[in-house]
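Going by TrEMBL, these are the annotated features:
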- 5-123: domain 'C2' (DOMAIN)
- 148-245: region 'Disordered' (REGION)
- 151-167: compositional bias 'Pro residues' (COMPBIAS)
- 188-210: compositional bias 'Pro residues' (COMPBIAS)
- 220-245: compositional bias 'Pro residues' (COMPBIAS)
Amino acid sequence: MNPYPYPYPSPSQSPSMSGIQGQLLEVTVVGCSKLRDTEWISRQDPYVCLEYANTKFRTKTCTDGHKNPSFQEKFTFSLIEGLRELNVSVWNSNTLTFDDFIGNGKVQLQKVLSQGYDDSPWQLMSKHGKYAGEVRLIMHYQNANRSTWPGTPPTNPPYTPYAPQQPPMSSAPYPPPLGYPPVQATPYPSPYPPPPAAYMPTPTYPPQAYPPTSAYPPTSVYPPPPQAQHYPPAPYPGVYPPPPY
């Protein structure tokens, strides 16, 4: 039965996990937590052992690490085709006697070989099959390429924030939508009553009895304006200014 919702191949048939012979796997031992205490009086000094086929590594001893030691040590393994688990064990270092066994466990490599990264904590068991704590490993596999699996669904496009479209900057009116009759320019009925038909006529005043224009002296009796006077050329003979004419 295929556990994947898509027709993925099994982990042993995936392109990222086939042909792993000779590829490199990086394993970093971060530390342990909640370790079983093997000391009665003093604090225990744990260390971690890793084993993959014939390759074995050991961390430095964390002096007085007790139940929660920290290591932060990296090791590199050369992968072997068909072997996809790593053995891990934790010991307590003793000076005068043999080292005390705390617990061990098996680390599965399917996730790191398919996705390229795995930082899961792994449970440890004592020799009597009881819980003995946890060890945390960070594993990297650079040749993982899950996107080449057949049947892999496409990834979602990157998120782009919504930007409303601005109307074009134009002074021309928008045309009416298609399928609607044109808007008729009909006058809007006024809610006020119409004005009365007859208004009071504007009163007419009788013409004022001004004296006729002829009653005034003619314009000729006044001296002409300075710009209209005509003087004889110099020297001026006679009396200046000349008498009215």
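Each residue's number is its place along the chain shown, starting with 1.
Any Cβ shown, glycine's included, is placed from N, Cα and C.
Remember, TrEMBL labels are computer predictions, not curated facts.
On the 0 to 100 pLDDT scale, the domain 'C2' (5-123) averages 89 in the predicted structure.
Remark: secondary structure over the domain 'C2' (5-123) totals 6 helix, 52 strand, 61 coil, with classes taken from DSSP.
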